[in-house]
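**Student:** Pulled the feature table from TrEMBL, pasting it below:
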TRANSMEM  A:12-30  transmembrane segment
TRANSMEM  A:60-82  transmembrane segment
TRANSMEM  A:94-113  transmembrane segment
TRANSMEM  A:133-158  transmembrane segment
TRANSMEM  A:186-206  transmembrane segment
TRANSMEM  A:212-232  transmembrane segment
TRANSMEM  A:239-257  transmembrane segment
TRANSMEM  A:263-283  transmembrane segment
Amino acid sequence: MEVFINLLVNGVSTGLLIFLLAAGLTLIFGLMSVLNFAHGGLFVWGAFSGAWIFKETNSFLLAIAGSIAIGMVLGWVLERFLIRPVYGNHVRQLLITLGGMLVLSESIKIFWGPNPIRVNLPAWLEGSYQFDGIIIIKYRVFVIVVGLLLYLALWLLLSRTQIGLMIRAGVLDKEMVQALGINVKGLFTFVFLLGAGLAALGGALLAPYSGVVFAEMGMQYAILAFIVVIIGGMGSLQGSALASLIVGVAGAFMAYYMPDLSLALNMLLLATVLLVKPTGLLGEKGSAV
Amino acid sequence: MSLLKLDNLETYLGQYHILQGVSMSVEVGSITVLFGRNGAGKTTTLRSIMGFNPSTTGSVHYHNQKISGMPTHLISRKGIGYVPENQGIFSALTIEETLNLARAKSTGDAEEKMEWMLELFPDLKKFWRKKSGLLSGGQKQMLAIARAYINGDGLLLIDEPSKGLSPIMVEKLMESILKMKEKTTILLVEQNFLMASEIGNYFYIMDDGKIVHDGWMQDLKDDRETCQKYLGIA
């Protein structure tokens, strides 16, 4: 029972971290039809800038806020100068965002050097909760709480606000939204910045979670996030949340019970879902919420 | 008084030269019908007005103000409501959400317009919380027209509203469009001559990207030769 609960907590917290990365990716794809590989670069910048601010100021909350701000600034630069010129052309998007991903990852080395850097947990999140022989690491609970709150906030944004309504309509029919007097380019920028901020936050939260950050981790997590977005259904926030939890929890259990198979797990999940439901678990046109 | 004026519009879609010098005008308070066979350029004319397929030369003036060259959302904010050929329904949104979205950037008195649309199309009120994708073809068309009317202020561009609808639904819809004429000006693209000739005041006929004929609707009804030549009506 202890093992089961521990694996479950680990899986859910990992899943919610992946969700932070996948949420932005799925909204950007759903609304803008942009395959943004550079998203992983924003994630790694979030991780490094968060770790650096935390080290310099000893304030974890400031580190989180700073990394989100840096992620959004970088996101704005990416959207404005790299992605806007290639809207509607998937091949060019793929090439240019892959290039953006490499530039973002390599530029990390200019600021923080080529070696991985260690990141400590903030003092107030060190330690663990213990009851009935079950030990749950405090930081993982924190990640779960933050992940769930953000999911709720995103859900409220999309389903209860005017701008959320515009985004959902934009996912369905961009032209028609423009014909209603709504500036879709402005909406694109907003969604892109939101996604960039979420990716950077995911990176900042992952840094103390994994204890070490390295420049190449962006690609690793970007691929994971793409798998999640496809499994959940491209453009669907709920689908990404569900797929993130499935990937996180299944990964935790497989790594414990069948470690040899754990590497192939994500691909197996992806292939199974694509065979059974090619649009993804909750992926239907317009399912942004 | 001319509300909308197109002057020598030339529009290309890729390598294809679709509009080849289209000039026309729409008078305030009228229903102007744009006829023509498939591929004549009717839909492209509306899309050029809205800025989706901008013209390379020529101009579009609305209320004597040049709107060609402006982005679509700013053209819409001038008060032009648009109903596309495929209705452009937001299938995952409810009727309530769709009409609220139309109200967001509405250029007139949105509340009053919303009330009148719900009076004109009671089905929209009846299925207020229903997802738009689950509505019947006729209800979707009503929603598309109501959305454009609430959003716009002064001019409605409606692209083939009768397409795919039953004769009874077409009749009902046309009665509603006729009532809307009391409050707005309409540029209607239609292939259903019988229906459109009953409600239209003025007409233009397009062929191969050009306006080949125009005049009062009553005159067209009596002009068998033109009807047969351009509209295939015996």
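In case you wondered, yes, glycine gets a Cβ from its N, Cα and C as well.
Could you place the listed features in the three-dimensional structure?
**Tutor:** The list of residues near the transmembrane segment (A:60-82) in space but at least 6 beyond its ends in sequence, with Cβ under 8 angstroms from a Cβ of it, reads 36, 38, 41-42, 45-47, 49-54, 96-97, 99-100, 104, 122, 124-125, 188-189, 192-193, 195-197, 199-201, 203-205, 208.
Residues of the same chain lying 6 or more positions beyond the ends of the transmembrane segment (A:133-158) and with a Cβ under 8 Å from any Cβ of it are 1-2, 5-6, 9-10, 12-13, 15-17, 19-20, 23, 121, 125-127, 164, 167-168, 198, 201, 205, 208-209, 237-238, 241, 288-289.
Listed as Cβ neighbours of the transmembrane segment (A:263-283) (distance under 8 Å, sequence separation of 6 or more from its ends, same chain) are residues 224, 227, 229-236, 238-239, 242-243, 246-247, 250-251, 254.
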**Student:** Count the Cβ pairs between the transmembrane segment (A:239-257) and the transmembrane segment (A:12-30) that lie under 8 angstroms and are 6 or more residues apart in sequence, then report whether there are at least 3.
**Tutor:** yes
**Student:** Could you tell me what the rest of the chain brings near the transmembrane segment (A:12-30), counting residues at least six beyond its ends with Cβ under 8 Å?
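**Tutor:** Same-chain contacts beyond the ends: 36, 39-40, 43, 140-141, 143-144, 146-148, 150-151, 154, 167, 171, 191-192, 194-199, 201-202, 205-206, 209, 221-222, 224-226, 228-229, 232, 234-237, 239-241, 243-249, 251-252, 288.
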